[in-house]
Amino acid sequence: MPGSQFSVFIHTSKKEEDFNVDEGSKGREGEREGRREGGREGGRERGRGREREREERKRRRQGEGGREREREREGERGRERKRRERGERETEEKETGRERGRGREREREREREREQGGEEEKETGRGREREGERGRERGRERERERERKREGEGGEEEKETGGGREREREGGGERRKEREGGREGEGEREGGRERKRRERGERKRGRQKRRRQGEGERERGERGREREGERERKREGEGGEEEKETGGGREREGERRKEREGGREGEGEGEGGREREREREACAAKETRQKRPERKKETWIKVTSSVLQGRWRGRRRRRRKKKKEEEGKGRRRRRRRRRRRRRRRRRRRRRRRRRRRRRRRGGGGGGGGGGRRRRRRRGKRRRRRRRRRGRRRRRRRRRRRRRRRRRRRRRRRRRRRRRRRRRRRTVGSLVLSELGGGGEEEEEEEEEEEEEEEEEEEEEEEEEEEEEEEEEEEEEEEEEEEEEEEEEKEEEEEEEKEDEEEEEEEEEEEEEEEEEEEEEEEEVYGRVGSGGPPPTLASERLSLPRLLTPWKTLGTLPSSLTAASRIGSCRRAHFLARPGLDFKVALQVPGLP
């Protein structure tokens with residue numbers, strides 16, 4: 001709502017200083033509470049703290065003359081280390097004789113890096129002169145190492161460098177052919193490819209250099225022609241020229257590659273350059289973010305009661321959900337236990353019935369006493385059976401009625417529960433929507449809760465069905481067993497008594513539930529004003545004086561309300577109490593900071 005802001009008062013404590021608006025956040029009390037609560041509401045504060053920390057880190061970094069220098073230093077260290085590692089790795093690989101395949105792989109990698117590296121180099125600029133020097137130095141070192149290895153190993157590796165190639169020319173052209181053209185069927189081999197790659201690299205390097213020094217077009221053209229001539233000469237086989245490609249050229253190139261790989265400690269080859277790029281982008285994004293104007297903060301005044309805090313931003317509810325997920329196992333256990341109990345009960349009942357039957361039928365083995373009695377009994381049995389059938393029918397009807405009643409009762413209870421929950425929720429969300437914000441979270445959580453409740457209800461229904469099946473089984477068993485008239489009469493009398501009792505209980509329960517509902521309505525909406533009927537909705541606007549009267553009936557007057565009334569005229573306020581919780585009042589105060 002433009003022009004006016006909401007403030008919220010939630011109170012348990014009745015101190016005057018509760019109503020304390022410091023820098024647009026909650027009051028002193030609330031802050032303390034926030035800390036105690038592990039920062040439920042203090043979460044926001046903590047977020048700000050993190051921001052501050054990030055700022056500080058950035059400042060520190062810039063203090064050492066900007067990130068650029070820092071990065072260069074790190075890059076240096078990394079490069080040094082990488083150089084050492086590479087030297088070791090190469091010697092190892094040559095020893096193990098896996099050089100060929102890996103060398104090729106690495107070359108391809110480097111080629112890729114070179115392609116990507118081109119753009120980034122333009123950006124560094126500053127460190128370039130220094131880097132070039134170092135690069136040459138490193139290249140020379142590498143060359144020396146290669147020489148040493150060559151002396152050690154001879155033959156195989158010589159093919160790759162220029163000098164080796166010359167030597168080979170003297171020693172019959174066969175090896176060279178192998179390398180450059182490949183033994184007939186083999187297609188290009190390592191050497192030929194290697195040379196082409198080098199040439200490509202040369203061209204590229206030349207381009208970069210020229211760009212850097214900003215030479216004119218004419219010179220560039222001349223250069224190009226010169227280079228072409230040189231290449232021709234090389235192709236004709238002036239071996240000496242090729243040395244240039246190896247020694248100095250390679251130094252420069254290796255340097256660049258390393259620069260690109262960026263040697264910052266943890267990063268693999270080829271990561272560094274990209275990494276740096278990413279960093280730069282992140283910095284830029286951050287700066288733009290800082291330039292944006294801050295959004296206006298809402299003023300939240302003092303949130304003390306932990307229970308209410310939890311409900312307020314739905315955190316308590318989320319926690320409850322998590323717990324429920326963890327308790328899934330517990331539910332399963334409970335179900336298992338119930339099933340076991342039922343099985344045991346059934347077994348016990350069956351055993352008892354069997355024993356009774358045996359006693360009634362007179363001893364073990366072949367039947368009861370002698371012949372005459374039996375004949376007499378037959379007539380009796382027929383009569384009894386007819387009577388029994390009638391009784392059984394009545395009994396079944398009664399049981400069915402009972403079951404229906406039970407089902408209805410359960411359904412009613414469930415509906416009532418749902419209604420209550422919904423009522424509470426609507427009230428809460430109304431207040432929240434009035435305060436602006438938080439509505440979506442609440443809605444999501446409500447949906448989750450409803451789903452959980454539905455699951456629970458389904459489980460209950462399943463259990464009920466199981467119970468009903470069990471009852472049916474029991475009935476069948478009973479029907480088989482009902483042979484004695486006396487027992488049946490007793491059962492009938494007992495059942496009639498039970499029926500009466502159950503009906504009485506049902507009536508009582510219904511009365512109690514109605515009373516509870518009435519009480520709840522009173523609690524949710526508060527007894528407003530001079531004990532008139534409660535407002536139809538909690539969001540119904542009440543004038544302040546009218547609001548203040550019911551507090552007297554419900555308990556002491558909360559200080560924040562009086563404080564608010566002192567600050568300025570509160571145009572409107574709604575007022576809501578959830579059963580079992582503190583009262584909550586949302587006031588719209590015009591003159592607040």
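Placement of Cβ uses the backbone N, Cα and C atoms for every residue, glycine included.
Features of the protein shown, as given by TrEMBL:
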- 13-153: compositional bias 'Basic and acidic residues' (COMPBIAS)
- 160-193: compositional bias 'Basic and acidic residues' (COMPBIAS)
- 194-212: compositional bias 'Basic residues' (COMPBIAS)
- 213-238: compositional bias 'Basic and acidic residues' (COMPBIAS)
- 245-300: compositional bias 'Basic and acidic residues' (COMPBIAS)
- 312-323: compositional bias 'Basic residues' (COMPBIAS)
- 330-362: compositional bias 'Basic residues' (COMPBIAS)
- 371-426: compositional bias 'Basic residues' (COMPBIAS)
- 439-523: compositional bias 'Acidic residues' (COMPBIAS)
- 1-540: region 'Disordered' (REGION)
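Across the range of the compositional bias 'Basic residues' (330-362), the DSSP-based residue counts are 31 helix, 0 strand, 2 coil. Helix, strand and coil residue tallies for the compositional bias 'Acidic residues' (439-523), in that order: 82 helix, 0 strand, 3 coil [DSSP].
Under DSSP, residues within the compositional bias 'Basic residues' (194-212) fall into helix, strand and coil as 19 helix, 0 strand, 0 coil.
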